[in-house]
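Structure first, commentary second.
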Amino acid sequence: MAAKRNAVTTEAPESSAPGEGTALALDSRLSKRVESVIPKKRHEALKWFGWGYNDSQFYGKDGIICFRGEKYPLGGCELPSFTKWVEKKFDLRVDITKQYPQLPRTYPRPVENAPFLHELKGTSQVDYSAEGIDRLVRCHGQTLNDIYSLWHHKFRRIPDLVVWPRCHDEVVQLVRLAHKHNVMLVPFGGGTSVSGAITCPQNESRMICALDTSQMNRLLWLNRENLTVCFESGIVGQDLERVLRSEGLTVGHEPDSYEFSTLGGWVATRASGMKKNVYGNIEDLVVRVRMVTPSGTLERECSAPRVSCGPDFNHVILGSEGTLGVITEVVLKVRPLPSVRRYGSLAFPNFEQGVLFMREVARRRCQPASVRLMDNEQFMFGQALKPEKSWWASVVDAMKQRYVTSWKGIDLNQICAATLLFEGDLKDVQRQEALIYEIAEKFQGFPAGGQNGERGYILTFVIAYIRDFGLHQGIVAESFETSVPWDRCSLLCRSVKQRVVSECSKRSINYYTISCRVTQTYDAGACIYFYFGFRSTDVADPVELFEAIEHSARDEILSCGGSLSHHHGVGKIRSHWYRNAVTETGSSLYSAAKRHLDPKNIFALGNLLPLEEAHPTAEASPPPPTSSTPPKAKL
């Protein structure tokens, strides 16, 4: 144990990190706090009112949609084709006079629990802040409802205090204090939730404290022999990978939110990454995990690769969505960096042929690191997002199109495409490429180039910015996902799109888009992503309308045999269906665990089950005494 503790940096109080092996197996040089791309004051780098970096966004210029920001390939590009697509699809012209919202001048008055604040200031070394902007940016995630509420200053309750623990022991101290004084805690990582999981409960009467894990981002130890590593939970995905790549290693977990989401958030939501075919989903990568609850720290003592020791408590923590405690440290599997990384793409005459290709690839278990199939609507959307080309490049594109339509006999209104990413050593990649293209040919697919594959893969990180630009221009849009058995995959895609079309027709919505893609494949089924948006310029409450249609789409998903969620989680927006999804017995089992681990319900987020169902016996708590004078921040 002493060797393990010596491997931990002394920048913060010692952590009883779940170590393994001998002192020689642990690389103690690496134990360090990571300089993050996201500062402690998040709003200095990230938008307070939407997704992503402050310096990256879509905007209008002379009637043309453009993108600014050097962090992405589209940076500095004008997008006339995308502009035409928006005008045609939504009968809407870009309004360059519209302004993005300004920060509010006032913030909801904080509820103060005087005994908690007194003890926090008197006995704790934890940094905290009661500044309005710090509280505001941690009151929400990234749902359409969250962003719309921010823009229209609809949040009545935001956290009353933000705290920044630096290690496991400080989290233990904070949870004890909150439990003692009946203060609600909201674990806050990257703030990228699209399920309402971290949205501040608007009816909570107690003091709400946002526990920001961003300062818990150390690499605690690395065991090269076992290929395992221990990180604190607050480390951001791109920071984690940057540190490991400097050592010639990778975890390989790359969700769409990879730039901003945290390791703890991945565990809490049972996240999936774009390269899960090679590296696995988060549950495949986790060896051990620590979570602080009001009843004590929950963790598995052994770091063996597999144990048969009753129910696996890792899986009580995985998917708990902040309702049981705070995840503090995670032991993960790592792999050597692949020597070759190669992109590719395929075109198919229609979506059904593409699905058959995906099924065959999964059946033969020969998936590359990533293979994602988009339908015709998404394919056309992706083509529209290409920057304007030179005259010669346009001629070449026209020749390619003629080849596809005339020689291949493919209807451009039916064509779909798949993006590919191969990783490994050269021989393995070459063998895999040959096999994938051979399978594709059986389903009338043909190669469409590595450049298109790379562009389609990287475009994933830019799409989230479009949602905010659309909202700015009078278009509400959002994605939702599911997983489904193979024999219902095509049926579910058709049925959900037909249901959305029907719901739009009922409500006289004439300008909308609904599309889907198959993003993950398994032996028994696949993950499907849907993208839906409509023009909302003449709608009184566009978000309420969007949610009503999405609710109908989710009913259709479930009736077709789809899951409640593949990787976004349940949160608040899908809690309506949770009881049926896990049965009455399952929901009762979750509620029993909740009552045991969190008897005062200080993690009262309302995820999975509504509050009154998840914790019916929680102590009633009248609002604590309030004061108009916020505590002085220790910053």
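Don't overthink the numbers, they just go from 1 along the chain as shown.
Just so you know, glycine gets a Cβ as well, placed from its N, Cα and C.
Summarising the annotation, TrEMBL assigns region 'Disordered' to 1-22, 614-635. TrEMBL lists 155-337 with the feature domain 'FAD-binding PCMH-type'. As annotated by TrEMBL, FAD binding site applies to 187-193, 256-262, 269-272, 321-327. Annotated site 'Important for enzyme activity' per TrEMBL: Arg372, in sequence order. Residues or ranges marked as substrate binding site by TrEMBL: Arg467. Annotation comment: TrEMBL describes Tyr529 as active site, proton donor/acceptor.
Features as recorded by TrEMBL, highlighted on the structure.
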| residue | record | Cβ neighbours (10 Å) |
| --- | --- | --- |
| Pro187 | FAD binding site | 30 |
| Gly191 | FAD binding site | 25 |
| Ser257 | FAD binding site | 25 |
| Ser261 | FAD binding site | 23 |
| Ala271 | FAD binding site | 27 |
| Thr323 | FAD binding site | 26 |
| Ile327 | FAD binding site | 30 |
| Arg372 | site 'Important for enzyme activity' | 24 |
| Arg467 | substrate binding site | 23 |
| Tyr529 | active site, proton donor/acceptor | 21 |
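Using Ser257 (FAD binding site) as the reference Cα, a 10 A cut-off selects none from the recorded positions Arg372, Arg467, Tyr529. Considering only the recorded positions Arg372, Arg467, Tyr529, the residue whose Cα is spatially closest to the Cα of Ala271 (FAD binding site) is Tyr529. Among the recorded positions Arg372, Arg467, Tyr529, the residue whose Cα lies closest in space to that of Gly191 (FAD binding site) is Arg467. When the recorded positions Arg372, Arg467, Tyr529 are screened for a C-alpha within 10 angstroms of the C-alpha of Ile327 (FAD binding site), no residue qualifies. Calculated from their C-alpha atoms, the gap between Tyr529 (active site, proton donor/acceptor) and Arg372 (site 'Important for enzyme activity') amounts to 10 Å. Of all the recorded positions listed here (Pro187, Ser261, Thr323, Arg372), Ser261 has the Cα closest to the Cα of Arg467 (substrate binding site). The CA atom of Thr323 (FAD binding site) is located 33 Å away from the CA atom of Arg372 (site 'Important for enzyme activity').
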